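> Below are the features listed in TrEMBL for this protein:
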DISULFID  CYS41-CYS233  disulfide bond
DISULFID  CYS167-CYS222  disulfide bond
DISULFID  CYS172-CYS205  disulfide bond
DISULFID  CYS180-CYS191  disulfide bond
SIGNAL    1-26  signal peptide
Amino acid sequence: MAMSSSLAVEALMMAMLALATVAASSQPTRTTANLTLHNLCPFPVWPLATANAGVPSVPTDADGDPAGQRLDGNGSGLATLSFPPGAWSGRIVARTGCAPFDDGYGENDSVVVGPCATGDAPPVTVAQVSVGGGPEGTRAAYSVSLVDGFNVAVVVTPHGFPEGRRCPTLGCAADLAADCPVGARGPRGGCGGGASEAAWFKARCPDTRTNATDVEATPQDCVAPGEIKVVFCPKPDAVAGHASLA
């Protein structure tokens, strides 16, 4: 028996819907939308977000400024970047004391072309971020590493995650350079990076990683945060709490 026109149309629509569903499922998803960088230091920083090998770079912010743009101090420096679709992983560092670019009409402090006092090489604090992981592409993982030493206090805080998930603020809110042992001080600032400083770092900042096998004192199990926020020179109590609040 020939299929009626209405049934034929319905069958065609169902087939098209099935094809659209398959096509949509093959596209990369973006579960964590934004990477926000906020500078509370009393001096400017030039953050650098570097994607891991084989991963797209983080694009420009809403104003078209790239990651690496100068962020002024005392809270006025704020940049929100969009993660590329799909899984992303990489590292974020804060460079300080960077040489400004002279465009011939005066200095342009927003562009870095020369060396920086800290952040180009150890000692440097490294925020490590991974989003879009796991079988459903919703898992986020993050840490603050002092394996390469310390130059600026850094904490990482997820926002907008489902209630009940463990997405704590992790990192180091203390200025370790201020009390750095004499033998571990960097030539242009910062502190340490050797194995002898690992225990000293860990005692002061237990929610950091100080060697290749280290983990934070506070566990994480973070799924689908809407934002990952990296704060430079956070308030001293920034690491406490925020374990299961969206």
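Even glycines carry a Cβ here, placed using N, Cα and C.
Each of these features: where is it, how hidden is it, and who are its neighbours?
CYS233 (disulfide bond) counts 22 other C-beta atoms within 10 Å of its own C-beta, drawing on all protein chains shown.
For CYS222 (disulfide bond), applying a Cβ distance below 8 Å and a minimum sequence separation of six or more within one chain yields ARG139, ALA140, ALA141, TYR142, PRO158, PHE161, ARG165, ARG166, CYS167.
For CYS172 (disulfide bond), applying a Cβ distance below 8 Å and a minimum sequence separation of six or more within one chain yields THR125, VAL144, LEU146, PHE150, ALA153, VAL154, VAL155, PHE201, ARG204, CYS205, ASP207, THR208, VAL239.
The 10 Å shell around the Cβ of CYS180 (disulfide bond) contains 21 further Cβ atoms across the protein chains shown.
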> In the structure shown, with every protein chain counted, which of the disulfide-bonded residues CYS41, CYS205 has the densest set of Cβ atoms within 10 angstroms of its Cβ?
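Max Cβ neighbours within 10 Å, all protein chains included: CYS205.
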> Round to a whole number and give the Cα-to-Cα distance in Å for the pair CYS191 (disulfide bond) and CYS233 (disulfide bond).
15
> Give me the CA-CA distance between CYS180 (disulfide bond) and CYS233 (disulfide bond), in Å, as a whole number.
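Given the Cα positions, CYS180 (disulfide bond) is 16 Å from CYS233 (disulfide bond).
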